[in-house]
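Asks: Have a look at this one.
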Amino acid sequence: MFASRFDPSQLTAPAASAPEGIVGTTPPAIVPLKRQATESDNEEYGSHQDSDESSNSSSEEDEDRMQVDYGASEEDSSEVEEEESKPSTHSTVLSRFKQTVSLQERLGASDIAESKEDEGIEDEAASTHQLKQIPQPEFVKNPMNLNTNSLQFKSTGWLNTEKIYYDNSLIKPFSDYANELEAKLLQNICKNFSTNTFPIQSIILDSILPVLNFTLNVSKRNFTRRIGDILVNAATGSGKTLAYSIPIVQTLFKRQINRLRCIIIVPTKLLINQVYTTLTKLTQGTSLIVSIAKLENSLKDEHKKLSNLEPDILITTPGRLVDHLNMKSINLKNLKFLIIDEADRLLNQSFQGWCPKLMSHLKTDKLDTLPGNVIKMIFSATLTTNTEKLNGLNLYKPKLFLKQTDKLYQLPNKLNEFNINIPTAKSVYKPLILLYSICQFMAHSPIAAKILIFVKSNESSIRLSKLLQLICESRSQSSVLKNLQNLAVSINSVNSNNSKAENKKIVANFSHHSESAGITILITTDIMSRGIDINDITQVINYDPPMSSQQYVHRVGRTARANELGSAYNLLVGRGERTFFDDLNKDLDRDGKSVQPLELDFTLLESDSELYTSSLESLKNYHNNTAQA
């Protein structure tokens, strides 16, 4: 009924009855360096099966077998025999283990390695017979069919989501959409923005406009369900704002009565102003009303304004939106579009619980409470892949727009990146090396430079900006800073020690600075890595490395915007930061390009060292005087 168990003691039986004509030879000694789990299990089973036999006889058989297999000495065998004289169900396993350990102690590691290599060489020679393996072509993977990093979502909810891919070749003239767009809207686009689309604009307009126009002509009530919700992962500076603004203005172009039909939620006040400027240019010559709500304005005044004149489009931050919902300044009864820009940042922060509050009002304010009553458009350069965070938005038939790549994030197409590797011994001179690096790429650039430098903290921003100012004041004494002597250099810092008005003025001056030959430097933290649309930043420098690939994408995305050239420089100190940066690269798509090393001569003369030391002393005195004041 049951299969008989395996008895290792019977393994010697076939050897006794060898076929005739074959001369019996003693098998070569084999040293088992690593016991296999299956072997010990079989031996354990065998010891259980022979439990009714005397333990002494089994020990003697096992001892004889070990002497043949392993060539053990009499001294080792006697030790094992004494140990196995005690009856035990695991005597076989224990004796083999002790025998193996004793043999390994007597054999050197080099002998064991050489024996393994010799065996491997003999096996290879016997098996290959000087035959070479036929070369095989490299396996070609289709990115369209890959479950890549960007598609390795944290929930199976993404598996049934419609995915729409695009690439950098998808550029069209806006005139191709003459039959889909209102004539006045098309005129405003070509006049104020561009005559050609960006790839993300092309794919969204191709996917939405035909269905949108057809559905509006049939039934304005249910057009939101025909479109469904939209999620877009696109690089910074790729034209996302215009991509979602055009369908909104096209839909509301012929509206008769002003009602709140679109809410655009952004994370910062600076981004509010940029989106407002874009929509104002798009709606020129129309009766559409575009309003903003932000913390700088009086909440009471905004409440009065929104109650008296209901806008068609409202641009706000999540916290301010909650304030107006609580005060009943706005009603979502007629809402058709909900836009969430920089979605990953908004969804990672609660902002007074804005998301549950907004979804609750959509259920109570709207007469149509069925799913899909509002088109939700989610945009980000680093769109979250965590469906748990997106679940709170109650998405309806979402379409996910992705660049055709096997990476998690994509960088601007015209971005050039360089790594400046600083030896650990020279890290104390890092600010001086920063200025020297600027001298190097300014020597090959006849145009004015507008440089944005990212540091890790507010304190670092204040300290570095003042130190660079002190060094530049005495740059004539330095040999490495000779290229800066004839250039106007302006260095400022955006930090929390400044008032809001001061920071706003500094950013405005940096944005509108247009020296024909000079350097404008703005030092900041990651607060300016998002929502700053300054198209003529020539260089971004990561003085301190970012904490993640997501943060890196937003930093370097401040340059090479709107299909313009831009450069990013990474100052990496020692092997640790270089290794960390290599890990970041695994998530980034550069469209076939790579990060280039920038070789610099870090030899400093005595005059340079003295200049740096005196600047540090001046910085110390400055901070002491500031603290006393």
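In case you wondered, yes, glycine gets a Cβ from its N, Cα and C as well.
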Asks: According to Swiss-Prot, motif 'DEAD box' applies to one of these ranges: 225-228, 341-344, 501-504, 585-588. Which one is it?
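Replies: Residues 341-344 are the ones Swiss-Prot records as motif 'DEAD box'.
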Asks: Among Ser73, Ser298, Ser474, Ser516, which is the one flagged in Swiss-Prot as phosphoserine?
Replies: Ser73
Asks: In Swiss-Prot, one of 107-115, 197-205, 377-385, 521-529 is tagged motif 'Q motif'. Which stretch would that be?
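Replies: Going through 107-115, 197-205, 377-385, 521-529 one by one, Swiss-Prot gives motif 'Q motif' for 197-205.
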Asks: Considering the residues Ser47, Ser77, Ser461, which is the one that Swiss-Prot annotates as phosphoserine?
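Replies: Checked Swiss-Prot: the phosphoserine annotation sits on Ser77.
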Asks: Candidates are Ser54, Ser59, Ser78, Ser88; I want to know which one Swiss-Prot annotates as phosphoserine.
Replies: Ser78
Asks: I want the residues beyond Ala234, Ala235, Thr236, Gly237, Ser238, Gly239, Lys240, Thr241 whose C-beta is within 8 angstroms of the mean position of the ATP site's C-beta atoms, in chain order.
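Replies: Filtered neighbour residues, in order: Phe198, Ile200, Ala243, Ala381, Arg561.
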Asks: Kindly report the helix/strand/coil residue split of the motif 'Q motif' (197-205) according to DSSP, in that order.
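Replies: Split by secondary structure, the motif 'Q motif' (197-205) comes out as 7 helix, 0 strand, 2 coil.
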Asks: So which of the binding-site residues is most packed in, judged by how many other Cβ atoms lie within 10 Å of its Cβ, out of Thr236, Thr241?
Replies: Thr236
Asks: DSSP-wise, what's the residue breakdown of the motif 'DEAD box' (341-344) into helix, strand and coil?
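Replies: Summed by class, the stretch gives 2 helix, 0 strand, 2 coil.
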Asks: For the binding-site residues Ala234, Ala235, work out the Cβ neighbour count at 10 Å and name the residue with the minimum.
Replies: Ala234
